[in-house]
Amino acid sequence: LRRLIPVPQTLTSELPSSHSYRGLTLVLTFLSYTSYHLSRKPISIVKSQLHPNCSAFGPNPLNDSNSTTWCSWAPFDGDNYKELFGALDNAFLVAYAIGMFISGIFGERLPLRYYLSGGMVLSGLFTALFGLGYFWNIHVLWYFIVVQVCNGLVQTTGWPAVVACVGNWFGKGKRGLIMGIWNSHTSVGNILGSLIAGAWVSSAWGLSFVVPGIIITTVGIICFFFLVEYPEDVDCSPPLHHVMTISEKDPEAVNSNEGPLSLPGQSSVEHSNSPKEPAEEPEAISFLGALRIPGVVEFSLCLLFAKLVSYTFLYWLPLYIVNVGEFWGQRGGSEPCKGSISSPLSSLSPTAHFGAKEAGDLSTLFDVGGILGGIFAGLISDYTGGRATTCCVMLVVAAPMLFLYNHVGQNGIGTSIAMLIICGALVNGPYALITTAVSADLGTHESLKGNAKALSTVTAIIDGTGSVGAALGPLLAGLISPTGWNNVFYMLIAADVLACLLLARVVVKEARGWCGPMARQRGYVVT
């Protein structure tokens, strides 16, 4: 099918080398998934505007009533508004989780460039349709639910496609660090989405969705014209996913170019005539076949709970910050920050009332921590070779940090900033590592014997399982939050502990791998 729909090389043929193509692939996929997350973030910012505390605005100017919901947007003006917000989140996330398992199968069989750009254009359409509900004065719940379901389905085109593209261009060597930096697109998208949505949330919240919809559509069109899926499409050598396996292969097998790997010294004639045909022969891996790859099940289940925590923060952190601000405001600012200097951050003091924009701005610090955590996790896992161990250590430390943030994170703006960054790094670090470097490692696992048509399916299985947790987290938060935010944080801590336990077998395997060479150096027998 790629032969029938070629890459538009007139737009990319002037790039001089594979390094340029790799850089172009990183930039385009980074911008692509930044725009995906940018379009998901507005709902968490707009929630506090759909059901604000209307008493802060005075009586209803139309009938002079003292109703606390006169300025709310129906149908979110009732006492069950948190449950309705949870339904909105769940509509998107359940559709996303279900669609993700199917998306990887299509991603292996369709041109990634068409699949990705088409999904981005449709995502922009449905994101904008949610915001148009404001301008069309729509007040029925089913409209917003249907738009969220459709958006969740089409957004599943993004992650398998971008990870497959990056995995096609980069080998395993520094994959953790490269993908750790590259995966900052998630947090960058959340930050930009918060800032863009916050710019219009108080004046015309519909634009908080329409503008991100236009952005993701534009980036999708750019990817359609410039993205190169495979190195072979532009006569570049594919990366070496398993360097050690080359020396272990029979020389005749290497020279016959089985699988996607080829020797750097091959002639251009051999490269053009023989390797491309065998690369087309292996069938795309089946769903059950991908599950049999060692580590896929463990990392998938771990990501379920890790993503539960991350997406609960993604969708509920701004509202939590608003509610905490109202709590301290009702206490009359009994714990003011004495001697504080007037600055833009002074309006974010936990002793003051939080507006929707201020809460959205403060919540971006969690994503700043996520950027640092993703890079740190990738760097450490590259150095140690222990992906699972790195994830497990960060998850273990994250649990007490979440407890501390809930109890002392409101003691001052400085404490709040520090705790948000630390929690963001510890929560999003393992999530970023599993969805990028780990997925790419397993999708090019040596047990596949060179079959390159597994990366998208493996990525979809891992992220699809994680998306089940992403759907459960905001739903549980909506159900538990009326009983108190403490209970929400206890749920998040329990999820972190479970995520760590699910990786125990892989951690033990990595530890044995480290201890084996050390024991042999000391003359011990390793069994």
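Any Cβ shown, glycine's included, is placed from N, Cα and C.
Taken from TrEMBL as is:
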- 25-512: domain 'Major facilitator superfamily (MFS) profile' (DOMAIN)
- 84-107: transmembrane segment (TRANSMEM)
- 114-136: transmembrane segment (TRANSMEM)
- 142-170: transmembrane segment (TRANSMEM)
- 182-201: transmembrane segment (TRANSMEM)
- 207-228: transmembrane segment (TRANSMEM)
- 252-279: region 'Disordered' (REGION)
- 254-272: compositional bias 'Polar residues' (COMPBIAS)
- 296-317: transmembrane segment (TRANSMEM)
- 388-405: transmembrane segment (TRANSMEM)
- 417-442: transmembrane segment (TRANSMEM)
- 454-476: transmembrane segment (TRANSMEM)
- 488-508: transmembrane segment (TRANSMEM)
Averaged over the domain 'Major facilitator superfamily (MFS) profile' (25-512), what pLDDT does the predicted model reach? 80
Candidates 84-107, 114-136, 142-170, 388-405; stretch with most C-beta pairs under 8 Å toward the transmembrane segment (454-476): 84-107
Do the transmembrane segment (114-136) and the transmembrane segment (207-228) come close, with at least three CB pairs under 8 A (pairs 6 or more apart in sequence)? yes
